[in-house]
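A.B. asks: Just dropping this structure here.
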Amino acid sequence: MTSWIRRFRKESSEQVATKEPGSITTAFSDNPSSGAENDKEAASMNCSIPGEPAAVASLEQPRDAQETSEKSENARAEPEYASGITLLIIIIGLSLAVLLVALDNTIITTAIPTITNHFKALDDVGWYGSSYLLTTCAFQLVFGKVYTFFPVKWVFLTAIGIFEIGSVVCGAAPSSEALIIGRAVAGMGASGIFSGALVIVAYTVPLEKRPIYNGLFGGMYGIASVVGPLMGGAFTDHLSWRWCFYINLPIGAVTIFAILVFLKAPKQNLNTSLSWKARLLQLDPIGSAAFMPGVVCLLLALQWGGTRYAWGNWRIIILFILFAILISVFIGIQIYKGDNATVPPRIFTQRSISSAAFFALTLGSSFFIIVFYLPIWFQAIKGASATKSGIMAIPLVLALVIFSLLSGIGTTVTGYYTPFTYVASILSTIGAGMLTTFTTTTGHEKWIGYQVIFGTGLGFGFQLPLIAAQTVLPLEDVAVGTVIVMFAQTFGGALFVSVGQNVFGNRLMSGIREAVPDIDPSLVLEVGATQLKELVPPALLDNVQEAYNAALTNTWYVSVAMSAIGIIGALGLEWKSVKGKQIQPGVV
């Protein structure tokens, strides 16, 4: 018996020596009960042979060593996620950063009528939004590459600094043109803030928990949408519209402190062997130089066509031709450069990324059109002040906040984001369609209820395209995939705010000519919504308000169309679960 045990020990030791790493551990972990029985059997043999080492002893030491080795390798493979008070402070800092961007989108909405009155420039109203959104979407693509080649933490702080400079320019603007320039600078910084917040979350929070935090960021947009118009109205009525921009300075200072002190720089596999010049060249400056002026040409054509110049005017035609040429050059450069492009075709052509980008574009377009022109309806039709128009828009943004958080929680619980995009497209289409039924006599029960339906649809879908990008892509592609989706959303806003301005301006001019031929339509455009009663005689005010109402509701038809076709993007999304995906650290 003793000789048999010794032979068993020898053969077992030889088998351990020749096994592949992890094979014994796998065997024990796959069948725990059999492992326990083997231990008992070995123990019984050990007891029957006093003074002889147990046969299993030769197995235990290699197994423990193998398990220790595997645990250490897994620890090296997993990203170092933040936790506790550190994570809380980081999330607060990122949320404040997102709040900065979101406030700048909404705080100006109730101040726009007063700003246009101050500068006598109602025809610039579209540019107050478009200039901000234009540089936001244009530089988002650039920031996607910057976050790849430079330290995430310092790029993020730089973006906040640029945003603050733009806010100072806006607050001190002596003219409408200066305000537009300041908005463009602020948009440049904003393009790196929101994308940077998402990249940082990818390094500090596990994937299955990210929908909650992305929902939180969506909630910050909603909170800003509630607080922004109120703050904008309060500043405009009681202080000055300039405080709509100065308020960014103290909030930004708190954000910079929180991120600078508490955020540990994420571990990135940066190629430090490249010179700064080589890194800058990899940012695709030629592609950006073609893309940005191309988009400007498109926006100018849409802003001026039919208002300042006829659609057949040579200026409008040349702008469209330049847009087509420059965007064609940009696309060609992207195809030529491949993975080194600003928009790598390999990532953009991935099914869920292209579908998420399309869905984000349509939902962003629908959202910004309503947000920019709904306060004008309250002020021109209901005679509300800037502050009151912000209060009257609370139902929309409150629904957006609540259902943005609920969709994030729902995605975390179910593991799937795709079904919520269907709900978002359907409800936002219905809500926007109901808003187009507004008349000059629409009561509060309707304008409140319709806003809730539209806001619910927006809330369900606002953050989900970003979750899709983080789910279907490896971590090294998350930064680029995220900014592609964000670019689509902000580009849709920039483009269709201009489209909305064109529809609104043309429809208002023609409506006033038909309803009140004795009034110069250009004067109505110059004075803005808040001074209609001062310009228009009481006997003609109803007709002018009817023209205003028709112009606004016609503008909202664009929102209905964009929400409706968004279902195409929702149907294109893959059914990928956010649960159980193993993320390996890579380059961001």
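Heads up, residue numbers simply count up from 1 along the chain you see.
Placed from the backbone N, Cα and C atoms, the Cβ positions cover glycine too.
TrEMBL labels come from automatic prediction, so no person has curated them.
So TrEMBL says this about it:
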REGION    1-77  region 'Disordered'
COMPBIAS  23-36  compositional bias 'Polar residues'
COMPBIAS  61-77  compositional bias 'Basic and acidic residues'
TRANSMEM  81-103  transmembrane segment
DOMAIN    90-578  domain 'Major facilitator superfamily (MFS) profile'
TRANSMEM  154-173  transmembrane segment
TRANSMEM  185-205  transmembrane segment
TRANSMEM  211-231  transmembrane segment
TRANSMEM  243-265  transmembrane segment
TRANSMEM  285-304  transmembrane segment
TRANSMEM  316-336  transmembrane segment
TRANSMEM  356-378  transmembrane segment
TRANSMEM  390-410  transmembrane segment
TRANSMEM  416-435  transmembrane segment
TRANSMEM  447-466  transmembrane segment
TRANSMEM  478-499  transmembrane segment
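Quick one: how deep are these features, and who are their neighbours?
C.D. replies: Sequence-distant neighbours of the transmembrane segment (185-205) (same chain, 6+ residues past either end, Cβ-Cβ under 8 Å): 79, 81-82, 87, 90, 94, 97-98, 100-101, 104, 131-140, 142-144, 146-147, 152-153, 155-156, 158-167, 169-170, 213-214, 217, 245, 248, 263, 266-267, 466, 470, 475, 478-479, 482-483, 486, 490, 588.
The list of residues near the transmembrane segment (243-265) in space but at least 6 beyond its ends in sequence, with Cβ under 8 angstroms from a Cβ of it, reads 80, 82, 86, 89-90, 92-94, 96-97, 99-100, 103-104, 107-108, 111, 151-154, 156-157, 160-161, 163-164, 167-168, 170-171, 182, 186, 200, 231-232, 235-236.
Residues 106, 109-110, 211-216, 218-219, 221-223, 225-226, 228-233, 370-371, 374-375, 378, 382, 384, 417, 420, 424, 447-449, 451-456, 458-464, 467 of the same chain lie 6+ residues outside the transmembrane segment (390-410) yet bring a C-beta within less than 8 angstroms of a C-beta in it.
Here the transmembrane segment (447-466) has long-range neighbours at 198, 211, 214-215, 217-218, 221-222, 356-357, 359-360, 363, 366-367, 370, 374, 392-393, 395-408, 411, 417, 420-421, 423-432, 434-435, 437-438, 482, 485-486, 488-489, 563, 566, 569-570, meaning same-chain residues at least 6 beyond its ends whose C-beta is under 8 angstroms from one of its own.
With a cut-off of 8 Å between Cβ atoms, the residues of this chain six or more beyond the transmembrane segment (478-499) that come close are 126, 129-130, 133-134, 136-137, 140-141, 143-145, 147-148, 191, 194-195, 198-199, 202, 295, 298-299, 302-303, 343-344, 347-348, 350, 353, 356-358, 360-369, 372, 465-466, 468-470, 472, 558, 562, 588.
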A.B. asks: On average, what pLDDT score does this prediction assign to the domain 'Major facilitator superfamily (MFS) profile' (90-578)?
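C.D. replies: Taking every residue in the domain 'Major facilitator superfamily (MFS) profile' (90-578) and averaging pLDDT yields 82.
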